[in-house]
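*Asks:* Have a look at the structure that comes next, please.
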Amino acid sequence: MSSARAAAAVDTTEASSSGRKDAAPESLDREAFKEVLNLLALRVPARQCADMMKAFRGFTLDRPRLKCIVNDGDPPRKDSKLLLLEEGITLESLTPELRGRVETDKLEVHPHQVTLDYSMLSADAVLKKLLPEGVDAPSSFETIGHIAHLNLRDEQLPYRHLIAQVLLDKNPHLKTIVNKVGSIENEFRVFNMDVIGGEQRLETEVTQHGARFKLDFSQVYWNSRLESEHLRLVGTMERGQVLVDMMAGIGPFAVPAAQKGLTVYANDLNPRSTHYLALNARLNRLGDGVRVFNMDGRAFLRLLCDTPSGPAEDIRRQRQQLERKPAEVPSQQERSPSAAGATAPQAATEGAVASSAVGQPAKRQRTKEKVSEAQGPVPPIPESFTPPIGGIIFDHVVMNLPASAIEFLDAFNGAFDPAAWAHRPLPTVHCYTFKRTNETEADIVAKAEGYLGGVMEAGGCTVHTVRDVAPNKLMLCLSFRVPKVVAFNGRL
Ligand SMILES: C[S@@+](CC[C@H](N)C(=O)[O-])C[C@H]1O[C@@H](n2cnc3c(N)ncnc32)[C@H](O)[C@@H]1O
């Protein structure tokens, strides 16, 4: 439609920082989409509408949001309806059988006009009309609460504001459209993005398997495509068990696991992730079910295991010093979540941590207080967490940092206290990683064993394919029990 194309014309005279021609401010002329269709209508008995639609299938009006059966006249006649034929269909272009049907059923044929406008077209149909030859409409986007996340190709970039405006118009639940800029290269797995339409509001809320998650999409990692994987893995865990989530993000494993009745030690290096993780534990009323840490994953594991080279001993010493100098430190009451000056996430974490018992899930304190939205850092180690001698006992470890989690397996080597674990099964590790097409699953398992520094039990590793992330790259989850030779290396 030439008028619509004209409405979408973009000025390509302004060069962007990337050196390509950029678009000047674009405007969407919705009026330019008005179009009158001149059709033929058959007057059909009201009671035979379904039968007639079936008989004339392939010749009837077939447009999104338009019906091929409409009222006959105004006020509408009760005994008849109009069956609309597609634009360009004449009596001559019908099959001989259908022409015969028109005659024998004495169907009257009338010219009929339908006015199409912007509101009747799908986003795809609008964009097909707007974008020039060679520029496709985006085929899909990810939705995160009120945010749509696009990954536009170079040739689509000059039209990004136009594309965003159409998506906002056609998807009323969307309020912000962002486009990914560059690839994820930072350790927090957060990508740069441009807001290309709508509100500059990047904090949003999503619901997954009944749990609520708040997040700022520009500050933390989130991938809606992992929802079924989160569910699958948590499905393998049992109520009463203890989960260690080494790279927990904002909690898509930790929160549902705690909802299921596991006690979760959840950690992430990104302080913004742990802020939202603590907030999400509170939003979902998980009380002390999720204990939030903000440190490197290796140090976190060695802290929880009380590994001699890890930070547990130092923390115990610090805690003892605090206990010895009660006059110089605020009392427990003063440090309580309701004490003046305590930020909400600190309160969340402090309130959440109540256990010094080895591996014993503390009784849940289901909070009833209103969840505060205040911002604030989560301490690296919850103030009321004192690592027990011999470490905590846990059942599962999740490591979802597929680009490098496998390298963190070295942290398990010699990490476990043989006395504490003597009569207990060692934990099951669920380590996410990537496999390229030139690698086999056996290669990946061997790579994991290389980082562990020891072999797994024969047949003891389950390899689950999570999804295709690129044409030659799969995301896998390796699940295996920590081998004894690895866990107690150098300690027996
Ligand atoms: C791919 S995201 C997964 C987050 C979450 N588990 C999920 O499924 O959405 C990886 C997370 O690892 C965190 N991370 C990166 N390096 C880390 C490290 N050395 N120790 C702990 N967490 C780390 C990132 O901040 C990020 O939140």
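Going from the start of the chain as shown, residues are counted 1 onward.
From the backbone N, Cα and C atoms, a Cβ is placed for every residue, glycine too.
These numbers come from a predicted model, not from an experiment.
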*Asks:* In TrEMBL, which of 1-27, 163-189, 217-243, 433-459 is labelled region 'Disordered'?
*Replies:* 1-27
*Asks:* TrEMBL records H230, D268, L269, D296, G297 as S-adenosyl-L-methionine-binding residues. Which of N151, N192, N284, N400 is assigned to the same site?
*Replies:* N400
*Asks:* Look at each of the binding-site residues, D268, G297, and point out the one with the fewest other Cβ atoms around it within 10 Å.
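*Replies:* Lowest Cβ count within 10 Å among the binding-site residues (D268, G297) is G297.
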*Asks:* What is the number of other Cβ atoms found within 10 Å of the Cβ of D296 (S-adenosyl-L-methionine binding site)?
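*Replies:* Here the count is 20.
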*Asks:* Restricting to the same chain and to residues at least six past its boundaries, which positions have a Cβ under 8 Å from a Cβ of the compositional bias 'Basic and acidic residues' (313-327)?
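*Replies:* Distant contacts of the compositional bias 'Basic and acidic residues' (313-327): 303, 306, 381, 385-387, 389.
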*Asks:* Which of these binding-site residues has the least crowded Cβ, counting other Cβ atoms within 10 Å: H230, L269, N400?
*Replies:* L269
*Asks:* Over the domain 'SAM-dependent methyltransferase TRM5/TYW2-type' (141-484), what does the predicted model average in pLDDT?
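*Replies:* The predicted confidence over the domain 'SAM-dependent methyltransferase TRM5/TYW2-type' (141-484), as a mean pLDDT, is 87.
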*Asks:* Please find, for H230, D268, L269, D296, G297, N400 as listed binding S-adenosyl-L-methionine, the greatest distance between any two Cα atoms, in Å.
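*Replies:* Per the listed residues, the maximum Cα distance equals 22 Å.
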